[in-house]
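**Student:** Summarising the annotation, Swiss-Prot assigns transmembrane segment to 8-28, 41-61, 83-103, 108-128, 144-164, 184-204, 218-238, 246-266.
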Amino acid sequence: MSDAIRAVILGIIEGVTEFLPVSSTGHLLLAERFFHLGEGAFWDSFTVLIQLGAILAIVGLYFKKLWDVVIGFFTGDTYSRRFVIGVLVAFLPAVVVGLVAGKYIKSVLFNPWVVCFTLIVGGAILLWVDKLDLKPREHDATRFPLLMYLYIGIAQCVAMIPGVSRSGASIVAAMLLGADKRAAAEFSFFLAIPTMIGAFAYDFYKNRSEMTMDHMGIVAIGFVVSFITAVIVVKTFLTYVTRHGFVVFAWWRVIVGTLGLIALALGR
């Protein structure tokens, strides 16, 4: 398989799974394990670098809202300032846990057995939460209480375990704390911006020696594909979950995790 085709496939996987509650990291790890996509130091970095394409999809889709927040922050708007502070408060737990336990998590937990197990468990939790008779109190992701932002950020830390899903953890936490489905999903998108930019910057600096001009074309392909795919997925996802909830994504997780465990048990 050529590097260009590999970059397209990984870009599609990243763009489709990054903002769905199914774990992009888990799917990329399983793609590497079972289909031999992305093996080697460069491809490990590639899967992080193309996340920037998915991030820019969110920035593009929510540009007006984000721009209004930026303007409001600098002109003294109370809600804009509280939202910016809220995103930072939600982001900080991931920074702390990443610095303290990041190396341990990567060395011990980044394996397909863990991914398959957490996909199944996460799917069961998503099914449970989706069936709860919750009474949403928060309908605007930019106006959650500050403590709610903090609790969502703490929940997001669990997603450092591959297969859990960053968006899944933050969505479940937000819903249990009183957000409606759309607001929970939207805040997971907003929280992704600093979280993924931080991961991108750290990984790029750490593995800068792996990046050469020869690789830039391949990275560009994955970047563009992940951007386009993420735009399509995010627009469809919000409409879908507002009407139908998260059941289909829960079963997606359970099926992929179960098939993965069977394949691993058979020595694949």
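One is the number of the first residue shown, and numbering goes on along the chain from there.
Placement of Cβ uses the backbone N, Cα and C atoms for every residue, glycine included.
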**Student:** Select the range from 8-28, 41-61, 144-164, 246-266 that forms the most Cβ-Cβ pairs under 8 Å with the transmembrane segment (108-128).
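**Tutor:** Looking at each of 8-28, 41-61, 144-164, 246-266 in turn, the most contacts to the transmembrane segment (108-128) are made by 246-266.
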**Student:** Before we move on, state whether the transmembrane segment (8-28) and the transmembrane segment (83-103) share at least 3 Cβ pairs under 8 Å, counting only pairs 6 or more apart in sequence.
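**Tutor:** Output no: the transmembrane segment (8-28) is apart from the transmembrane segment (83-103).
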**Student:** Any chance you could find the range in 83-103, 144-164, 184-204, 246-266 with the most Cβ pairs under 8 Å to the transmembrane segment (218-238)?
**Tutor:** 184-204
**Student:** Residues of the same chain, at least six outside the transmembrane segment (83-103), with any C-beta under 8 angstroms of its C-beta?
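**Tutor:** Distant Cβ neighbours of the transmembrane segment (83-103) are 69, 73, 142-144, 146, 148-150, 152-154, 156-157, 160, 170, 190-191, 193-195, 198-199, 202.
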